[in-house]
Amino acid sequence: MWCLELLLPLLFLSDVSGQWNVWVPRDISAMTNSCVVIPCTFMYPSGIRPYRGTHGIWYFGQPYPQLFPPVVFKSRTDVVHESYKGRSKLLGDLNQRNCTLLINNVGSEHSGRYYFRADLGGANMYTYPDFAELKVLDQPNIDVPEEIVSDESLELTCYAPDNCPDMTPEIQWMYTDYLPDPEFSSDYVEESNTAVLSSTLTFIPRPMHNGQLLGCRVYYSNTTLVYERLISLDIKYAPRSVWVNVSSEVMEGSSVTLHCEVDSNPPSRISWMFGDQEVVWDTASNISLSLDDVTPAQEGLYTCVGDNSYGAMNTSLYLAVKYPPREPQVNESVTVVEGASLALHCSTQGSPAPTLTWLKDGELVGTITADELSVLEISEITPQGDGLYRCLAENEHGRASSSLNVTVEYAPVLLDESKCTVVREGVQCVCMATGNPEPAIEFYLPDLNVTINETDGRFNFYTHTDGHTSTGMIKLREKGERVENGPAVNVHCSISNVYGRESVLLELQQEKKYMMAVIVGTIGGVAVIAFIIAAVRYVGHNNKKENGNPRQDVVLENPALYYSAVKKDKQNLRKKVLKTELLGSKFNSILEETTGEDGDYQAVGSFPGLERRELNYAALEFGAGARSREGASGRGDDGSSYTEVKAK
């Protein structure tokens, strides 16, 4: 604490002007309920002699007596303002021009300006315009920088006034345990006869210290006076963390909300970016982006950016939109020539990536591809490659497909079914070929130098097309026998389309089998008829012997039985003949549908010995009470009627 005695010599040395003048500290402070000493020295003109001593008055708030300011101290009387009774005391000697004032137990109501008035007697009274402003504090001052930046060294200073002679302050920092390596230093400053004790705290703040409390405590020894001041650290720092949702998957058509939180001081400008496009922004600590009815176009990388004047930071997430495969894009339907190479492309979109499968007429071809593009390569395509190709796209959310037709054009190919066959009415020749375009078929008879390529009643020419297969057929009366080194039937088949032409001689098949069937059938029929006739005569002869009447005709004991046997043998014989004839041709039924069983045929020749024969069958006639023919009816011994059976 400064010493009052050291002040006085300095004041006398300053008396050089001989004018009305005063020196007081412009600002002075004191803690509540403590005391304060206001140093004061005054001057007056040298030609003035104090009358009846030197007196003085201290005013509060106003320097003009006519405004009746509160009197703090008055040397002539003890009359003072009630708020200063028992508190104010003059420490200086007015005769020595020392007007130093002591105020005890100051309170907040004592804060303000203090003016001194010199009273030298008579008219020599003067109120000095200079003043001392007292600040009564209820807590110590802490000097805090306007800006505290993270990771930069920070100094905080706590001040306590030391302007009370009987009380010495002490300073202590509070809540410093969490600070990294704090440093403390103290200082004592005397200026203009006022004293201030200070304590400085030095440390490096971090973002984690933002908002933390620090305190300064001032207390006076041997008293109960304690004063505290708390501050909250406002530490500026760039965004140090940007939190967003984890990357997520959503179904097409659903809704999703993306959240972002940024840790920074001051709050950052936060924005959601989709690619290079800013979708939404706000100056806050967090922001949300809501997406409704999500489409695959909204799939991608979303970035949250936090930016303030101290720096920037961003974090991204990937939003995956799941959806079933779209309808695949495939080639247009195509027509190619046999032997060419072909590449079929199939592309689609789906999430997750679909598998692509190529099917031909429902059967798997190629390999299954787990990608959005599949290429089916066909080298040297064959006619078997013709058909409907379908690309099937599948993933866990659905499937889709697209189709195309591949048409393969190729030269005609003769089928094994092409041949001539002996049938009942003659020879039937069939020519079958496949090709694309459908081949044209014509027959050539070199013996007659005749080409048959259209409907002709003479040869019963017939054609039929089924897809890429063409069938041509003619029927001939020709029944010529096979000659040495030559065919029995000389028929050529010619097939053609835009890609080629071919002519072949049709082979005659199954002619021996047919002739054997006709011969065996005919002989068998005759044998059966002969057997029936012999059996009838034998029965009739026995009946005549038994009745003793040689002229009596044969009488059947069971006529229905004999009639049924004869009828069945006749039907079986006819079936054998027809069956034998039908064996001659695979396509006889087709011909009969178009021309009829007994159609007209061109008679070119005949097979010797195979002319149609007339067969005579036994005629059986029965009837109860039938009218008698001459020599053919009668009545038996038992009275039954009968009819004579005769063979022609």
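Numbers here mean position along the shown chain, with the first residue as 1.
The backbone N, Cα and C atoms fix where each Cβ goes, and this holds for glycine too.
The region 'Disordered' annotation in TrEMBL falls on one of the ranges 74-96, 626-648, namely 626-648. Predicted-model confidence for the domain 'Ig-like' (239-320) is 94, expressed as mean pLDDT. DSSP labels the residues of the domain 'Ig-like' (129-232) in these numbers: 3 helix, 59 strand, 42 coil. Secondary structure of the domain 'Ig-like' (239-320) per DSSP, as helix, strand and coil residue counts: 3 helix, 58 strand, 21 coil. Residues in the domain 'Ig-like' (328-407) partition by DSSP class (helix H, G, I; strand E, B; coil) as 3 helix, 52 strand, 25 coil.
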